[in-house]
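A short write-up of the structure that comes next.
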Amino acid sequence: MDLIAQGYGSSSDSEDSSSRKPAKVAKIASTSLQVNGAPDVSLEDPSYARHIYTNPTDTTISVNLNYDSMLQPIQGPVNPFASKTQEVRRNVWTGHVEENMFSEHDFRTQQQSYAAFGFAKDPSILSIADNGQSGSGKKGSGFVGDIDKAKEMDGATIWDKVPKHLRNNQNQKKRQTRGDPSVLEGENAYRGPWATFEGDGIGELSGPTEEERDVHDKQREAAAEEKQARNKATPAKAVANGSETTVFHGKEEHDYLGRTYMHVPLDLDVNLNGEPGTQTCFVPKKLLHTYTGHTKGVSAIRYFPKSAHLLLSGSMDTKIKIWDVYHDRRVLRTYMGHSKAVRDVNFNNKGTEFLSASYDRNIKLWDTETGQCKATFSKKTIPFVVKFNPDEDKQNVFLAGCSDHKVYQFDVRSGDVTQEYDQHLGAVNTITFVDENRRFVTTSDDKSLRVWEFDIPVIIKYIAEPDMHSMPSVAISPNQKWLACQSMDNKIYVYNAKDRVSQNRKKLFAGHMVAGYACQPSFSPDGRYLSSGDSEGNMWIWDYKSCKVHKKFKAHDEVVIDSAWHPHETSLLATASWDSNIKLWV
């Protein structure tokens, strides 16, 4: 502005301009001002300003992108540490999948060509072969598989004619000629449409050669010798009669009043002399105690009759133990006399004696209080189940179901077999007395259920269906009306135990896995619940009225083979397992 002011004068000075000397005009610098009237223009593509840039790894976008924005190339610095698999743009979890248009006919052609010749065309459309076709294949050949053979066959498919020396039927058998119709026998005999292929041996004697027979005979002799040596390697050490022993584990066998552990305790909140089933039962919720004393799996457990203040257990370690249910909850006495695993144990009505059945083919009668073995019974067969007759006037008689398909009736006083029931076709697994002990029900490996009249070896009811499985364990309800039979198809079926023994189709308990194991079911004292173990160590409890699973809990590490409810407690449940433990749940 100073330069302008110096170059131009004001109008007020025009009057005396003649009297004044003209002012010196300052010279403007050589750098003149340049004015550019053109607008600013960006050198970038204006279409870029309309794009929204996204991250290729984004899975969620909050705006709608147009087609061009989604197909923009990936730009930015390259990760030098990324692997080749990370560089692939994945559209599935395992990598990148291309969607190609491929007809069903072309696919089957290439598939069968690959199976026949070992090569096929590359169906990819994202790569180009050396000859310009889509699909680069191996080394730009356009084929996958055996590219050398593909070049030799000029990419032929199964529909193309292939030279004979390249076909896959070079080793195909040649068919015999039809022969001369005028010749009946000989090399050129007429065969007609029945001509066979060379080498088939039609009409020749078939069977093993002499060498094959010799090899088979040697293998059979070696197997027989191995079996004989294996049987001799582990002989059973039989226990002689009269050599049975017992061990009392307490301090004194008698208290200050001269009573043994057989005496029913009276210092408890529960009336052990009362009537079983009068109390309302509930499902056990927690573990009360664990009995550890057996070294192998426990096979069976039985409560002391009526009072249930003692618990008897038979184990695979050949020993029998009796435990205290109350007070110290420890082992009281051990009975030793068997040379093999104990299969079953059973008390008489008073609990003064009990029977034990073992795999050493012996049945022993024990005195519960003293541990003395009173008698030994044997029929040279394995007894699977033993049962005293529940009648008071027949406490000298017991039944034994054995592996020779028979049920033997023994008299304890004489030791003789007084009756045999021999209608089963398999090993007898269970014996259950029903109908006021006038009859008994047996189940067997022959997948049948049979009802017998006691002391009469004639079947009065036979139940066997084509869809039935073996039922190796049976429990009777507290009201003596129903039989719960554990079946090998992982179900528990219920049968009527009264006059007419038949299946109750409305009662079926399922959900557990017991196939292959004789898991013993058990009723609660009031009949509201039915329980059973399974092969995975779980305990299942069903509501008997609705047949629904009421509770399932993990009880043991191995199969729960037996369970028993206490007759006087509301929720005391004993479980026995092949993990050698016995547990009380309350």
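Glycine is treated like the rest: Cβ placed from N, Cα and C.
Heads up, TrEMBL stuff is auto-annotated, nobody curated it.
According to TrEMBL:
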type	residues	note
REGION	1-25	region 'Disordered'
REGION	162-239	region 'Disordered'
COMPBIAS	164-176	compositional bias 'Basic residues'
COMPBIAS	213-229	compositional bias 'Basic and acidic residues'
REPEAT	291-333	repeat 'WD'
REPEAT	335-376	repeat 'WD'
REPEAT	421-455	repeat 'WD'
REPEAT	522-546	repeat 'WD'
REPEAT	553-586	repeat 'WD'
>> Counting only residues 6 or more past its boundaries, what in the same chain has a CB within less than 8 Å of a CB in the repeat 'WD' (291-333)?
In response: 246-250, 261-262, 264-265, 268, 272-273, 276, 339-351, 354, 356, 358, 366, 368, 371, 520, 558, 561-562, 564, 566-568, 574, 576-584
>> Considering only Cβ pairs within less than 8 angstroms, which of the stretches 335-376, 421-455, 522-546 has the most against the repeat 'WD' (553-586)?
In response: 522-546
> Over the repeat 'WD' (553-586), what does the predicted model average in pLDDT?
Replying inline: 94
